[in-house]
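If you check TrEMBL, you get these features:
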| type | residues | note |
| --- | --- | --- |
| ACT_SITE | B:52 | active site |
| ACT_SITE | B:124 | active site |
| BINDING | B:48, B:121, B:124 | Mg(2+) binding site |
| DOMAIN | B:2-135 | domain 'RNase III' |
| DOMAIN | B:161-230 | domain 'DRBM' |
């Protein structure tokens, strides 16, 4: 058993995996297995294959339901922004999974533990282990804690156009007036700060700041979307 | 409602979709929606986005469990052989889904109904509708009827090396002797027929025929795998 991993999962995510061998498999790289040939160990790759498919479904379903007007092309782009090596490696680090990977000595020396590709793999193999142990519902709960809030925090903003989205969501039941109003603009030339409000039919639903007017507008639109989604929840 | 589709699903697959609007959406192309602007119709693309992810998971989990020794790379290749436009279009035709798609007149004239890409989409959107209506279990049951048997029938053989697979499965619990024995070879030069038996530790587990020795061996190995999987079930 991997020391401390159980405690981490319990304290951070309230997850208790019954089948500890699944956890061991999910956090063990082939290099470690090769260095311990007599322990009959398994490495994470097969379980990662499954975890990847589980995560694709859980993210797809979440954005499908959350953005009922988003066309397929934009759903696909948003999913690609959420499900990729970069973001999964970040999630793995935020969950402190990097500290629990079992690596061979050579890989350890080569700083594999900091490598995005490995961290992404381990994040997926953890998902695979959780799914095999408990089914899809706990994976959804984990994603709701680790991944989905990042949407509202703007983590995927560069892939996602909040102004267009706000237009789609706000006009779901008919046309409304959406206006962006510059509230202030200050700071030195090389560090301007813009403050923008977005109003829907005259009511201010969000205020955003940014180093450009465009960024401030996107940020205001994002806020308005959070508000609209709360109102509809 | 699409005429006859309900009856087809009930009689062929024992599936009854409660929310008929999901079925309508799944079998309607954008061209049809555009020709009926006042009916407030939806087309299949969003639901297909979801169905694609559901199918990926269902197929991934099936082959993950069925081939417990298959390494990740080969799982990935096998899944790609099963989940692609060609095979999904064939499944759609075998299920007679092509007859129930709602198309615009232009698309109908352009023979869209016979187009692999559209048939593949519709197969996935049907899966999406089934999933939204009833969850993942009925999708698994549908796949067990329509997709998984094709593995034993050899539909994916060109992507799949049964001899290697047999070696992996048979030697799961230690080394065994696997021998291929040519039983007969006849027919004219340009239409030879080979008959090969595969023996594991002396016991014949499969007999295959083919136009080459290699094909006959693959076919014998496939038969042996079916037998081994039955024994382990």
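Using the three backbone atoms N, Cα and C, a Cβ is placed for every residue, glycine included.
Automated prediction, rather than curation, is the source of TrEMBL annotations.
On the structure: features taken from TrEMBL.
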{"residue": "B:48", "record": "Mg(2+) binding site", "CB count, 10 Å": "23"}
{"residue": "B:52", "record": "active site", "CB count, 10 Å": "23"}
{"residue": "B:121", "record": "Mg(2+) binding site", "CB count, 10 Å": "25"}
{"residue": "B:124", "record": "active site", "CB count, 10 Å": "25"}
Listed in sequence order, residues not in B:48, B:121, B:124 with Cβ within 8 Å of the centre of the Mg(2+) site Cβ atoms
B:44, B:45, B:47, B:49, B:51, B:52, B:120, B:122, B:123, B:125, B:127, B:128
To the nearest whole angstrom, state the Cα distance for the pair residue B:52 (active site) and residue B:121 (Mg(2+) binding site).
9
Where DSSP helix means H, G or I and strand means E or B, what are the helix, strand and coil counts for the domain 'DRBM' (B:161-230)?
30 helix, 25 strand, 15 coil
Members of the recorded positions set B:48, B:121, B:124 whose C-beta sits under 8 angstroms from chain A:
B:48
Can you work out the mean pLDDT of the predicted model over the domain 'DRBM' (B:161-230)?
89
On the DSSP side of things, how many residues of the domain 'RNase III' (B:2-135) fall into helix, strand and coil, could you say?
96 helix, 2 strand, 36 coil
List the Cα distance (Å, whole number) between residue B:124 (active site) and residue B:48 (Mg(2+) binding site).
5
